[in-house]
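Taking it in order: structure first as structure tokens, then the write-up.
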Amino acid sequence: MIMMGHFALLVFLAFASMQLLCIAADHDAAIFYDSFEEPFNGRWIVSDKDDYKGIWEHSKSEGHDDYGLLVTEKARKYAIVKELEEPVNLRDGTTVLQYEARFQNGLECGGAYLKYLRPQEAGWKPKEFDNGSPYSIMFGPDICGLTNKVHFILKQKNPKSGEYVEHHLIDPPRVPSDKLSHVYTAILKPDNEISILIDGEVKKKGNFLSAQDFDPPIIPAKTIPDPNEKKPEDWDDRVRIPDPNAVKPDDWDENAPMEIEDMEAVKPEGWLDDESEEIDDPEATKPEDWDDEEDGVWEAPKIDNPKCQTASGCGEWKRPMKRNPAFKGIWNPPLVDNPNYKGIWKPRDIPNPNYFELDKPYFDPIAAIGIEIWTMQEGILFDNILIAKDENVAESYRDTTWKPKFVVEKEKQKAEEEAAGSDDLGGFQKTVFDVLYKFADIPFLSKYKLQILDFIEKAEKQPNLTIGVLVSIVVVILTAIFMLIFSGKKQQPRVEKKTEVAADTSNDQGSSGEKPAEEEKEEEKENETGGAAPRQRRRDT
């Protein structure tokens, strides 16, 4: 038995030694790796720019002895950068970008993405690192409002125009909605394939040169609409127009009011004409320190008239209003087909002066790694940042640095759910959410995608709403199917193009089109009082 125990111990030591050797070998294979086990001061440089007041902290991940780089305050801008010993050439072979991020307080409103910066010759300095510093790739999770995605953005120089253009991966993965550690991996392959992995699982694949995978496409369109061509002044693109031969009927009264008094209405019995709805409070007395000259004439505060509580009404009775059967509103001539309709005008296509062809994207080399975010939440932890040329090296790091932590966190989460008596429901909810996310990606539901994702996001934040949200999404899906089936059976109506053009609100800054707050409040008052001004009460002492 003693010999067997020694043998087992030797086997364990041998296995542990092999693991250590494998980790050491992976460290040698990595181009860059930072575990943040040591303080970042002296290795990472914090920006001195005035806007970036967020404080970084060398901190343990909650529940572990493993350290990371922590965002400590809400509503702050953060910027920190680490220069590489040598720039990394992304055009040679496979390149793997990988790191861990954890939203320790759950998803609220914050970014946890990295920027892989071009060499300083491009025009930036570590102490002046900010959102304008030139990067080659931006990668990682970002969530706030309707934004919920794991970004992958390639910034490439157009060889014809000389301008750098951001190319965004289309339909990137969503950010995991929990407080656990997650590892994000981007694999850039020499055959132009791009893969995005979350926790080692492929969530998105694309091709750098495909117009279906990047917006705008990395290779521009061969032709563009001629920017100098203008629509002819005599071009009529109105499908239907008011009938010029139509005449307003003689009996059409545009001045007839929408509502009139109901002459058949009778005053209810028990109506107290001589009583007011409010009376002076008989128990109120003038304060002893009241000065009529300084405070004005004192008036007792008003209370509801108790006599009106048992009566059918008080004050002057007025007949209620009813809809006027003679009301027709403003007369407009009916619409008819426009005999001069020429169709929708568009400029002719011309060769794109900025068109070019590539066998593979033009990647600028990576000379530094930066974190530049503006977050409304604290508790975001970065860890185990890796750049490698081998997918197996990245997988090994995931297995040795991320997975053990994730297993512990999942077990703790499961125990908490079981303690709360919601384990079965939580598992059911996760299954429902996974299915619904897949539904949201169905092509014929693309029109409703944002609406479905918004429903799911609300349910994830409030698990008790899962069933109701599921019903809502089923209704949306059935509506889409119904419209898809019956739209093919009905003749498409001819669309009228209004001659008046609405103001363009699609500028870069965005426009909600909402009314000023003062107008909204005024409308609320009118709705609550039926359009009449509320009764003004005297000052209540």
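Any Cβ shown, glycine's included, is placed from N, Cα and C.
Note: TrEMBL annotation is automatic and uncurated.
Per TrEMBL, compositional bias 'Basic and acidic residues' is recorded for 227-241. Each residue of the compositional bias 'Basic and acidic residues' (227-241) gets a DSSP state, and the totals for helix, strand and coil are 0 helix, 2 strand, 13 coil.
Annotation comment: TrEMBL describes 271-282 (among others) as compositional bias 'Acidic residues'.
According to TrEMBL, the feature compositional bias 'Acidic residues' maps to 517-526 (among others).
Among the features that TrEMBL reports, disulfide bond is placed at Cys109-Cys144. Around Cys109 (disulfide bond), a 10 Å sphere centred on its CB holds 15 further CB atoms from the protein chains shown.
Distant neighbours of the region 'Disordered' (214-255): 154, 156, 158, 165, 167-170, 206, 208, 326, 328-338, 340-352, 354-358, 361, 494-497, 499; these residues of the same chain sit at least 6 beyond its ends, with a Cβ under 8 Å from one of its Cβ atoms. Marked as region 'Disordered' by TrEMBL: 214-255 (among others).
For 267-317 (among others), the entry in TrEMBL reads region 'Disordered'.
Feature annotation from TrEMBL assigns region 'Disordered' to 493-541 (among others).
The feature signal peptide is assigned by TrEMBL to 1-24.
Under the heading transmembrane segment, TrEMBL lists 465-488.
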